[in-house]
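Student: One structure, as C-alpha cells, below. Some questions next.
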Amino acid sequence: MAHPSQLGFQDAASPVMEELLHFHDHALMIVFLISTLVLYIIAATASTKLTDKYILDSQEIEVIWTIMPAVILILIALPSLRILYLMDEINDPHLTVKTMGHQWYWSYEYTDYDDLSFDSYMIPTQDLTPGQFRLLETDHRMVIPVDSPIRVLVSAEDVLHSWAVPSLGIKMDAVPGRLNQTAFIVSRPGVFYGQCSEICGANHSFMPIVVEAVPLEHFENWSSLMLEDA
C-alpha cells in the first residue's frame, strides 16, 4: 500500500498492474531520451557561432522529423494497446462480485451464492484499533481467493462513483443505470486498499475500499461463516 513520502507506484499485486509498471518504465525511458535530445539541441543552438540564414528548406530534415515521431508513437502505442486488451479480457471467472456505490459507502454481493451480500462502511477515526489506517479501514472487507480469476460488476445507486484499487491496477467507474465490469487475478495474499476515485459529494473522501486476498480454503471458511450469519 502507499506510505508517507512515497515517490513511486504501490507494489503490484496482479499481473495487470505488473504490466502497467513495465509500460510506465518503458514510456518514461522514451520521454527521458526525447527530453535529453531536445535539451542538447537547444544548448547546441544557443552556444554555436555557426549560422546559416540562407537555408530555406531541407528535405532530409523534414523526413527525419516526420518519421522519428511516428516511430516513437508506435513504440508507445503497441504495448499500450496490448495492456488495454489484457485489461478488457475476462476468461472463465471463478467468482463474480457485484459492487454498488452509494453516498457514501460500498455494497458487495457475491452472485455465485444465494444470500451473501453486505455493506462496507468506513470505520470512524475514534473507533480504530492500533495498526489500522485512518480513512482506509472498513467494517467489512471484500474477501476473495488468491490466484483465481475474479469478475467485478460495478454500478451505482445514486451518483457517479469509481471503484479503484491501485495495487491491482483497477479503476472502474460506477455509473447509475449502467453495469460496468472488470476482471483481475490477485497474485499474492494480502490486504489492498483503495478509495472512491470520482468526486461524489460531501463525503467522497470517506468511502474506502478494502480487498482482502486469502487462500481458497480460507475464503471457503469465510463464505460459510457469512452465510450462517445471514
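For all residues, glycine too, the Cβ spot is worked out from N, Cα and C.
Straight out of Swiss-Prot:
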| type | residues | note |
| --- | --- | --- |
| TOPO_DOM | 1-14 | topological domain 'Mitochondrial intermembrane' |
| TRANSMEM | 15-45 | transmembrane segment |
| TOPO_DOM | 46-59 | topological domain 'Mitochondrial matrix' |
| TRANSMEM | 60-87 | transmembrane segment |
| TOPO_DOM | 88-230 | topological domain 'Mitochondrial intermembrane' |
| BINDING | H161, C196, C200, M207 | Cu cation A1 binding site |
| BINDING | C196, E198, C200, H204 | Cu cation A2 binding site |
| BINDING | E198 | Mg(2+) binding site |
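So that I understand the layout, could you describe where these features sit and how close they are to other parts?
Tutor: For the recorded site, M207 (Cu cation A1 binding site), the DSSP three-state label reads coil. Other Cβ atoms within 10 Å of the Cβ of M207 (Cu cation A1 binding site) number 23 in total over all chains.
E198 (Cu cation A2 binding site) falls within neither a helix nor a strand when secondary structure is assigned with DSSP, and so counts as coil. Sequence-distant neighbours of E198 (Cu cation A2 binding site) (same chain, six or more apart, CB under 8 Å from its CB) are L160, H161, S162, D173, A174, H204, listed in sequence order.
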Student: Please report, as numbers and ranges, the same-chain residues at least 6 past the borders of the transmembrane segment (15-45) whose CB is under 8 Å from any CB of it.
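Tutor: Distant Cβ neighbours of the transmembrane segment (15-45) are 9, 72, 75-76, 79-80, 82-83, 86-87, 166-170, 184-185, 187.
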Student: If you count other Cβ atoms within 10 Å of each one's Cβ, which of the binding-site residues H161, H204 has the most?
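Tutor: The residue with the most neighbouring Cβ atoms within 10 Å is H161.
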Student: So which other residues, same chain and not among C196, E198, C200, H204, have a Cβ within 8 Å of the centroid of the Cβ atoms at the Cu cation A2 site?
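Tutor: Other same-chain residues near the Cu cation A2 site: G101, W104, V159, L160, H161, S162, S197, I199, G201, M207.
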